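The next block holds one structure in the form of structure tokens; read it before the comments.
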Amino acid sequence: MNQNQTVKYEFLSQDPNVKTLPIMLSLIIGAFFAVLNETLLNIALTTLMDEFHITLPTVQWMATGFMLVMGIVIPVSALMLQWFTTRQLFLSVMVTFTIGTIICAIAPSFPLLLVGRLIQAVGTGLLMPIIFNVFLLLYPPEKRGKVMGIVGLTFTFAPAIGPTLSGVIVEYLGWRYLFIIVIPFAIFSIVFAFKYLTNVSEVTKPKIDFLSLLFSTIGFGAIIYGFSAAGDKGFLSSSVYLTIIIGVIGVVLFSLRQFKLKEPVMDLRVFKYPMYTHAVFMFVIIIMAMFASEIILPIFMQGPLALTAAAAGLVLLPGSLLNGLMSPIMGQMFDKFGPRVLMIPATLVLSGTVFTLSRLTAETPIWIIVVCYILLMLSVSAIMMPAQTNGLNQLPKSLYPHGTAVMTTLQPVVGAIGVAVFISIMNAKQNHFLQKATNPSDPSTISQAMVAGVELVYLIAFIITIVAIILAFTVYRAVPKEIVETHSETKS
């Protein structure tokens, strides 16, 4: 690469010899089908129970185990990004994902199906940090919004169509085709990447600290498992709270050790950059708001509103689709106007929408839920990717792998915590309501109890969104330190 071409920013997209489009397509094709496969299976769990004659807690390991493995492998992604080239890592990840998919497609028993699913999770978990890191290296900050918007489209559009597509496939073809259909696309992604994907990252091969890996595995794995189990067993179960305590201790030991290491597995110095820390807080709040709706709303619609699972999915579909489709547009607006113009009105709409959802009753018209979910998802698309991009923009190149690793690690962790906490709050409110009721077995009373539980969940979520509004008013466009220094040197 010619040095004169990289004096100003040193980003590969500025080099005419680097073809960025094939690199983007290689990564996005693989990521789309990996993320799609992540959500395809959720609607088929009851079918798997009948097929393999297993119980609900057993089949739920298809989801819990998947999230657990992701929570274990994502924290080490920063280390892997520094040990292997882009081609080596992406091709290995996609081959791993494809092998897992093939095992799932032909599995004659549930244990083998679960093994295949866990192998899939290894590949899926590493894809997001790879993609974020590569795009940060390819594009300068002023062009990242649009590119990250395209990434956002990939990671939101696939889950949006997943449940609907899954229902059709299971109904007319059978559950095995959930995996069979993905296989040719995964193979195509491997072949395409083998031909067009070039190396963009620098291999430094830092020293591997195995004690950090142990703390990370125990810490994040135990937290995800503990909170996932809390949804069924409750927080007062000894197996739940002891697991969570062990997980917290593991994460604390992992974090303390990172500050002592010269070459940390996950460099937590990323939190010294204010806009990155700002982005992480906003990221956590938005994930909590999303999970509250994605989990609680279907329960509400299938309970008091008496909708079928398919109908409830269709109610949420317009909002999910718009979330994905608006992501590139929000990215372009971020490049042009910066984060404040997007995030201030979006957080206000988000907060108002969440408060409206706290007013739901058994008589609420379906169209109100459709509109609320559309507004909720539009707000998310205007906050999530701009916040992430702005935060990552402030980091120096050496911290890109660590910045992406922290954010992608938080997603399954916060997701597990959010689901467990909100469901526990809803159940506690329901039980309290029924204990005071004169006829707790009456269907209308049970419906009212569920409405009360949903109302409390969204009131708490509303309070959380107030924090998001405050954060939106304090955000500013972040610029990496080295770019500021380069501009200063150019002017002098």
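Just so it is clear, glycine is given a Cβ too, placed from its N, Cα and C backbone atoms.
Keep in mind that this is a model prediction, so the values were computed, not measured.
According to TrEMBL:
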| type | residues | note |
| --- | --- | --- |
| DOMAIN | 23-480 | domain 'Major facilitator superfamily (MFS) profile' |
| TRANSMEM | 61-82 | transmembrane segment |
| TRANSMEM | 89-112 | transmembrane segment |
| TRANSMEM | 118-138 | transmembrane segment |
| TRANSMEM | 150-169 | transmembrane segment |
| TRANSMEM | 175-198 | transmembrane segment |
| TRANSMEM | 210-228 | transmembrane segment |
| TRANSMEM | 234-256 | transmembrane segment |
| TRANSMEM | 276-300 | transmembrane segment |
| TRANSMEM | 306-329 | transmembrane segment |
| TRANSMEM | 366-387 | transmembrane segment |
| TRANSMEM | 399-426 | transmembrane segment |
| TRANSMEM | 446-473 | transmembrane segment |
Long-range CB partners for the transmembrane segment (306-329) (under 8 A, at least six residues beyond its ends), listed in sequence order, are 43, 146, 149-150, 152-153, 156-161, 163-164, 167, 294, 297-298, 366, 369-370, 373-378, 380-382, 385
Contact call for the transmembrane segment (210-228) against the transmembrane segment (446-473), three or more Cβ pairs under 8 Å: no
Does the transmembrane segment (89-112) come near the transmembrane segment (399-426), with 3+ Cβ pairs under 8 Å (pairs 6 or more apart)? no
Between the transmembrane segment (446-473) and the transmembrane segment (276-300), are there at least three Cβ pairs closer than 8 Å, leaving out pairs fewer than 6 positions apart? yes
Same-chain residues at least 6 beyond the ends of the transmembrane segment (366-387) with CB under 8 Å of its CB atoms are 145, 148-149, 151-152, 156, 278-279, 282-283, 286, 289-290, 293, 297, 301, 305, 307, 315-316, 318-320, 322-324, 326-327, 330-331, 334, 339, 342-343, 345-347, 349-350, 353-354, 356-357, 360, 468, 472, 475
Hey, does the transmembrane segment (118-138) touch the transmembrane segment (399-426), meaning at least 3 C-beta pairs closer than 8 angstroms, sequence gap 6 or more? yes
Counting Cβ pairs closer than 8 Å, which of 61-82, 150-169, 175-198 has the most of them with the transmembrane segment (118-138)? 61-82
